[in-house]
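One structure coming up, written as structure tokens, with questions to follow.
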Amino acid sequence: MGNKQTIFTPEQLDAYQDCTFFTRKEILRLFYRYRDLAPQLVPLDYSDKPDVMLPYELISSMPELKDNPFRQRIAEVFSEDGEGNMTLDDFLDMFSVLSEMAPRDLKAYYAFKIYDFNNDDYICKSDLEKTVNKLTRHELTPEEVSLVCEKVIEEADLDNDGKLSLEDFQHMILRAPDFLR
Amino acid sequence: MKVKAKYLKTYQNFHVKIGMEVDGQVQSDPESEEDEEEEETIQRPCSREAIKSSGQEKNQQTKEVDESEEEDEIFRRKRLTRKTNRRVKNSEEELERLKEQVEEKKKLISTMRNKPWRMAKKLTVLREAQAFVEKFEGALGKGKGKKFYAYKVMMAKKWVKFKRDFDNFKTQCIPWEMKIKEVESHFGSSVASYFIFLRWMYGVNLVLFGLIFGLVIIPEVLMGMPYGSMPRKTVPRAEQATAMDFSVLWDFEGYIKYSALFYGYYNNQRTIGWLKYRLPMAYFMVGISVFGYSLVVVIRTMARNANESTGDGDDNDFIFSWKMFTSWDYLIGNPETADNKFASITTSFKESIVDEQESNKDENIHLRRFLRVLANVLIICCLCGSGYLIYFVVKRSQTFSKMQNIGWYERNEVEIVMSLLGMFCPPLFETIAALENYHPRIGLKWQLGRIFALFLGNLYTFLLALMDDVNEKLTEEDVIKNITHWTLLNYYNSSAVNNSTFSPPPIDPADVPRGPCWETTVGIEFVRLTVSDILVTYITILVGDFLRACFVRFMNYCWCWDLEAGFPSYAEFDISGNVLGLIFNQGMIWMGSFYAPGLVGINVLRLLTSMYFQCWAVMSSNVPHERVFKASKSNNFYMGLLLLILFLSLLPVAYTIMSLPPSFDCGPFSGKKKMSDVIQETIELDFPAFVAKIFSYVANPGLIIPAILLMVLAIYYLNAVAEAYQHANAELKKKMQVQREEEKNKRNNKATTNLATQDLEDFLTPSAKSGDTKSDSTNKNSPGAKEGSMAKNSNAACPGRGATMVPPPHVTITQPPRQSIKASSPGQARSGTSPQGLRPGTRKGQPCN
């Protein structure tokens, strides 16, 4: 890649490497992925930090997110404006947290935010219902959904306030055998 | 630094004296000025500058003290001394503080990526921290250590950079990362786990390849005797005409048989070339270290996997929570797979709902248990039957082999039966396994274990046939050994009689009669098996997957029924079959590499091509599994199977090395009674005498048996310790569980008392209603509280009994205890503020009284 130097300054690349779990090559690859979403919007020179933001529609069309039931939440959580429109920084941030190298604590924190649909710092029953419906594409009956949600709260709610706080969530999810990536 | 400290001390003493002298004269020292100075020193970022400047002032001052006695001068001096004193003290503290800060910032920089901040914030904080470190790091050096410190800092920076570059390099060196990720996104992580396993195998085989090629084959080719110089390195006269034909080469006869790829080619010369390379010794050691390395690698990987897995996967506390929050495979990037995943999540939710609803009914569990036992019995019957069949067929083939003119079927009966079993048994097992109704991940393990048992039969017949062959060759060898001697003797005798003046021309190496060389035969057997296995695998993939996919895809336009959804459909990727194929293939390699050093090279090629080929086949012609499931990251199960196979393949090799006599005229150990004699020979000839003595002591059974005993005891002890830890772990877990329950109960009771007192208030004073409504209004803030308040109202409707009953859990959950503090009634306030350890019994009893 001969034009590597022109996209980012070496300092920028170093800073990105410090802030994410990626290597230099991966950062550049991600940049190209980002740029491929809207080549006419994203300049090839990022050394002077252009203020570019890609709309949610473009972000969610990526194959990584296209089939994910939580794509909108993911984009919202990671975007600066909370509406799914992403700058390159947000973009890198998202992939860094979702990458294999990120520690479980960090993932748990962001997972909590993703499942917290109404942003009130608690996962309450309505959040759970939304989650179940997204996971099953509304194929469970409302009774089943509410049963599942009650079960979840019963299992994971340690302080009995009827909703899951971040601590409850971490306590539960860090023990899960499947919570690896 | 020490020097400086001393200097400062003397300086301070000196000034204390002066200070005493002038103290009386200057008492009205303005405090504000000093404060200003202090601020200045603090603000001054680089403390070393401060020290330096103070040093300069100091020099000036000492001069001045000597020179003048004027009042204002003294006054100024005094201020200065105080200042510098303070500065010195400050700078020491400051240095410490700065150092701490710098360390802190450094830590911040290294853990920046773990912070859940936005990238912009991270970047600015990072930049600030870096600037801070940059600015102050240089300032921290002191006195003489300054240069060293600067050097250290520089090296640390370089080291960080190097580490980063090395990491970059390392990730670039991991091959096929993209390919595997692509497969993962299409087929879920279970299929990808096969490819990761394949890649791991490739790495191990590359190391083995390096060992064997670097230490055995290349030295032999470079420094050993060339081809045609001696009988074992020459194609015999009778075979020479056809030795280059492709059909012969394809069977690994002819020139290939007499090449460095096989055991027989190697000479028993103790040292070769100008390096005096001890080839037989190297051959032996490499043969052993292939096994040693493989064992170490497999066990280390297993241990690491065991460490990585968090262990308590069988916890039943969070069934629904885990299902809800961790069932989505975030790596899926294919709509079809996503559909399957949605479906499987829905079914799993439904299943656990049904389980939850029917968990009280025992008959279901009994039925399931019965079905599982039945399935296992059926499968054991199948395995026994196939085992007996194999045994029977092998026995028969032994009698066939003694008969003349037998047909094609009789000759190939064993192979036909084996492949038929291999074809029909796995689907049969799968059908039976449907009875068990396991989670597919566990089902896969069972399936793997069962097919493994079946394949072991395959291995057993193969080894049995081979051992027969070897024994036959060994008897044949004895005869030929005499003939060879006799021929050579005759030849030289006759030539000596004919013309006694000339020394006879040496006999052509191609004409010397030679033994069957059973080691090479075994090696060829293994190579053939490996190659045919490769071909069968590839052809199966081509026909079974690719052609089928093509047929289904293109014939679907003109067919009576829907081919894609109906009968033939597309193939699923067969994880268990592929993994087992890989494992058994590796077993063949381990067994055969001692007799055919080139086998590992073939295997490396095989793994390399199959990586590309299978990736392509999977992506082009397979469909995702119907029940997509995630593979657990620590697939120790594969590794366990691999370890078993490694052990099983170690046994026959060890047996031949330790107890069978090597062939007399081929291979690096020819002429010895046993292959392991090469070690003894090396020790006796190449090491000083005392080493041989030590070795003989060590090899003494009197020492070996206690050593083994000690090892067994150590294993026993470690096992006991591990068990104790496990027990303690379980105990702790139980304790935590109990604590949690207790806490829940406590809160429940508290909520109950709240309700109880509230009911009492309702009874006593109608004015309490206002309190109720108030608490309701506070309730509305928290979502999901509606139900709670409704339930509360219903409780209020039938006060006496409702309160004594233990309320359903969600009622207590949705009512946070702190609400009661807000309520106006005195009873509520009391219960809300009362300590947690309030006795529920008496409270509960209250309304009844």
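Heads up, the Cβ atoms here are built off N, Cα and C, so glycines get one too.
TrEMBL lists B:30-40 with the feature compositional bias 'Acidic residues'. The compositional bias 'Polar residues' feature in TrEMBL is assigned to B:812-836. Under the heading domain 'TMC', TrEMBL lists B:517-632. Residues annotated as region 'Disordered' in TrEMBL: B:22-73, B:739-849. Summarising the annotation, TrEMBL assigns transmembrane segment to B:200-222, B:281-299, B:373-394, B:414-435, B:447-467, B:594-616, B:637-658, B:694-718.
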So, by DSSP, how many helix, strand and coil residues make up the domain 'TMC' (B:517-632)?
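Split by secondary structure, the domain 'TMC' (B:517-632) comes out as 82 helix, 4 strand, 30 coil.
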Who are the chain neighbours of the transmembrane segment (B:414-435) in space, where the CB to CB distance is under 8 Å and they lie at least 6 residues beyond its ends?
371-372, 374-375, 378-379, 382, 386, 389-390, 393-394, 397, 443, 446-447, 450-451, 454-455, 457-458, 461, 465, 576-577
Any contact between the transmembrane segment (B:637-658) and the transmembrane segment (B:281-299)? By contact I mean 3+ C-beta pairs closer than 8 Å, pairs at least 6 apart along the chain.
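Answer yes, regions in contact.
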How about the transmembrane segment (B:373-394) and the transmembrane segment (B:447-467): at least 3 CB pairs under 8 Å, pairs 6 or more apart in sequence, or not?
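With 3 or more qualifying Cβ pairs, these stretches touch.
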I'd like to know the mean pLDDT over the domain 'TMC' (B:517-632).
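When the pLDDT values over the domain 'TMC' (B:517-632) are averaged, the result is 86.
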